[in-house]
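To keep things clear, I will list the structure first and then write my remarks on it.
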Amino acid sequence: MLRGPCRLFRVSVAPVAALAVALVSSLSRCSLLEPEDRVVSPLSPYFGTKTRYEDANPGLLPDPEAPRRDPQLLEETCIPVQLVALIRHGTRYPTTKQIRKLRQLHGLLQARGPGDDRIRAAGGGDLGAVLANWPLWYADWMDGQLVEKGRQDMRQLALRLASLFPVLFSRENCGRLQLVTSSKHRCVDSGAAFLQGLWQHYHPGLPPPDVADMECGPPRINDKLMRFFDHCEKFLTQVERNATALYHVEAFKTGPEMQNILKKVAGILQVPVNNLNADLIQVAFFTCSFDLAIKGVKSPWCDVFDIDDAKVLEYLNDLKQYWKRGYGYTINSQSSCTLFQDIFQHLDKAVEQKQSSQPISSPVILQFGHAETLLPLLSLMGYFKDKEPLTAYNYKEQTHRKFRSGHIVPYASNLIFVLYHCKNAKTPKEEFQVQMLLNEKVLPLAHSQETVSLYEDLKNHYKDILQSCHTSEECELPKVNTSDEL
């Protein structure tokens, strides 16, 4: 828990220049900055978990630092007394695994034979040659780290939330903020960038100091909470390390939709189709998304694909997320119940403190994790469930599916629980109410589609999950009986 006086960081009159130096030093470690003019691509709605936050939430584009108040948010006699937010990290670099696949594809392009002279004579372009000469600037050290655009995602989210809930994010409350994060550097850095956004809110015009100089200290790491999937042996054994668990993903890769794209891309790039596979095609598609998100550049990789291709590749990504993140195999959503319990424990404590006229010890709880933190929890809560499961064989039938990962968990996605105290409540039960927001928009209750719930009613709806959450038992592998039967 973050403690300290109401000043978020140590600051005095003199060191303004020193703070400026700290900011320049911080920015100098970031190799790439987002340009002023935002570049768009018709493929942007289909990048799945590699989607930019503003592409999933386009209302932010005119002014990304200004809050957009959902008209369904409670106001007037109901005052927010606690906010619990689960936040995915901001925009990141590709992982080393993705970079190495891209390097493999780039090598194929550079090793091509002479292009088709008839294409050139007819005025056709050789996109393969363009891509072979396109700078491959990704390096292994990047390995999923947060980029400057990701820090900007977090700073801007902090500014919007602080403006939307000024009572909770008041300077008086800053010493009582509670930050928890996954141990992954992109999550730790996201938490730090969020705090820098709060500094900007409290001290407009002053550059924020480095994390080491923050009065409140860095976020607290808790992987059992934010990376619960890494601590569930049943999930790791039966899904993560099981070669057959993602059957539908592998089957779709060899299915007609993906094979058509494979042949098409081989023709466009002028490489033998046997040298390509679905993984290389997907990494080429994601390279378009990374270049857009990180550098603000519409690279030639985007020209390889059209919207129909993008829809197929989005489905491939969604299949993987669906089966791994608690929708296909429920063990991952079941293992997220500890996180769900933790959220309600915070809310319970706030209710008890308010009822006894005590100050709420943690008005704001911020938890920084991953897409694989958010998706299982949303599945557990009953959201984005389609009537039929996503499979390798029903792509066309799933055109209008609810489960589209890029619309649910883009970079910087957030699930927020807001607890309200309503002064003019007619009964004690009506005194405390809850709203949920997904990506800053009010999320209707999965079971009723109402936009607000009495707190006790919400707890009652989820009581089976809250009362029967035994992660250690759920995640324990079944014991193998090795004794010989007589």
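For all residues, glycine too, the Cβ spot is worked out from N, Cα and C.
Over in TrEMBL, the protein carries these features:
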- C78-C422: disulfide bond (DISULFID)
- C288-C302: disulfide bond (DISULFID)
- 1-26: signal peptide (SIGNAL)
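Taking the features listed in TrEMBL, we show where each one sits on the structure.
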residue	record	Cβ within 10 Å
C78	disulfide bond	21
C288	disulfide bond	24
C302	disulfide bond	21
C422	disulfide bond	17
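C78 (disulfide bond) is 48 Å away from C302 (disulfide bond) when you measure Cα to Cα. Between the CA atoms of C78 (disulfide bond) and C288 (disulfide bond) there is a gap of 45 Å, rounded to the nearest whole number. C422 (disulfide bond) is 48 Å away from C288 (disulfide bond) when you measure Cα to Cα.
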